[in-house]
Amino acid sequence: MGKPQETILIIGAGIAGLTASRLPTNNGIPNIVFEASTPERNQGFAISLQEFGYSSLLAALGDLPLSNLTRGVAPDRQIGGTGWIDQALRDNRTGELLVAPDLTTMKQTIVRANRNALRHWIADCGEDELDVRYGHKLRRIEGKLGDITAVFENHAKYKGSLVIAADGVNSTTRSQILPNVIPETIPLIHYHGEFQVSHSAFDKLIRPHSGHSNILVGVGDRFNTPLSICNVTKTKVHLDWSYSRPVKGENDTLYRPNVPSEEAKQIPPALLEELDALSLAEPWKNFLNSESLKTHRVFHWTTRCVYITQDDARRAGEQGVVFVGDSWHAMPIFGGEGGNHALLDGVELANAIIKSTASGGKDGWDNVVKSYYAGAWKRSQEAVRRSTQRFFLLHRPAKEWKEISEKKKKPA
């Protein structure tokens, strides 16, 4: 079936694809990463990294300390921060603290990371530079495991032994190899906004409420409004907000799952009206209003989940394709675990490749694929279901939040 010594072709330069490239590169295993976009693409929002995700990556990179990661990726790294979050939930209409862990006994296990910074940090964690080729949009895959060719829209062709599909929820690779797997659209409204303020404005308007936490989570009556630090520079604090809620009936004007990409960047009047009617408390009301949104970059995000059966994974493997990241386990962003499983995918697949290569490749590519999916399939597919359920639980009625808060206050 071919020895695991030939070039690996990786489609997509997100955190899963870069992890799947960095670790083999550090072990002398040739691979090429192909990315459809330009090097300037922006994914500057922040994500939450959990211990099960980053600890595996740090171990695979040579037992690096957590401080190495936080110095490189924490949104507040330029002011000495470590990406810390308080894990608290507040009533976004009163500011009341509803749920919060005991900060005196809690160690930092969740790290906020700027996504752009994380991509660069992974790419830089080794002596040899990664071979990332931008402007390569996949057209099709030809061949089989051990002898496969990737053909791109710029007419470039590359041969390899294995294709790693790291090209996201709308994976071109998956749509060709497994056309029966169609992302499931979740009936949720999700708008995302980006803006920046001066340090003095941040210290006046947000810091009194957030403290040193990199995210200020506000929950309401079936809707959420988290405010998050994306990046801190010498002069500005870059932030984002989300407004999310379940769909209301069949004629919800804000539910536009198939909106064209350019139209998704436009602010619908119905959103402005809805935000102004929420009666938010500070600091949310200072930013989530029709006047402030005039200076924000606002995006409509469609929430989609992807499930792949074991048989689908096996069939794709026989055709020379293995999946990592959102291409096979996309899940809700807020309350999800997607970035962590993307890291874990890259680590576990790379470990299977490295192990097979160390044995002289006698196991073949088919056993690399089987070894990877033996653990990754159940882990990731369960996470999709868990994250989707958690998303709806985080959008519960205000009455239920109050009941939870009261129970937390009662002595054990």
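In case you wondered, yes, glycine gets a Cβ from its N, Cα and C as well.
Proximity of ASP326 (FAD binding site) to non-local residues of its own chain (separation of 6 or more, Cβ distance below 8 Å) is seen for GLY14, ALA16, GLY168, VAL169, SER171, VAL306, GLY338, ALA342, given in sequence order. Swiss-Prot lists GLU35, ALA46, ARG119, ASP326, GLY339 with the feature FAD binding site.
In the three-state DSSP scheme, ASN68 (N-linked glycosylation site) falls into the helix class. Cβ neighbour count for ASN68 (N-linked glycosylation site) (all protein chains, 10 Å cutoff from its Cβ): 14. What Swiss-Prot lists as N-linked glycosylation site is ASN68 (among others), and the listing cites sequence analysis.
Here the Cβ of ASN92 (N-linked glycosylation site) has 29 other Cβ atoms within 10 Å, regardless of which shown protein chain they belong to. Look at ASN92 (N-linked glycosylation site): DSSP puts it in coil. The N-linked glycosylation site annotation in Swiss-Prot covers ASN92 (among others).
Residues or ranges marked as N-linked glycosylation site by Swiss-Prot: ASN170 (among others). In the three-state DSSP scheme, ASN170 (N-linked glycosylation site) is classed as coil.
Among the features that Swiss-Prot reports, N-linked glycosylation site is placed at ASN231 (among others). The Cβ of ASN231 (N-linked glycosylation site) lies under 8 Å from the Cβ of GLY44, ALA46, PRO75, ASN114, ALA117, VAL237, HIS238, each of which sits 6+ residues away along the same chain.
Neighbour count (other Cβ atoms within 10 Å of the Cβ, all protein chains): 7 for ASN251 (N-linked glycosylation site). In this structure, ASN251 (N-linked glycosylation site) belongs to neither helix nor strand by DSSP; it is coil. Residues or ranges marked as N-linked glycosylation site in Swiss-Prot (evidence: sequence analysis): ASN251 (among others).
Residues or ranges marked as signal peptide by Swiss-Prot: 1-21.
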Can you give me the Cα-Cα distance between ASN68 (N-linked glycosylation site) and ARG119 (FAD binding site) in Å, rounded to a whole number?
14
Quick one: Cα separation, ARG119 (FAD binding site) versus ASN170 (N-linked glycosylation site), in Å?
20
Quick check on the recorded positions GLU35, ALA46, ARG119, ASN170, GLY339: which one has the highest count of other Cβ atoms within 10 Å of its Cβ?
ALA46
Do me a favour and check the Cα-Cα span between ASN251 (N-linked glycosylation site) and ASN170 (N-linked glycosylation site); whole Å is fine.
26
Closest of the recorded positions to ASN92 (N-linked glycosylation site), Cα to Cα, picking from GLU35, ASN170, GLY339?
GLY339
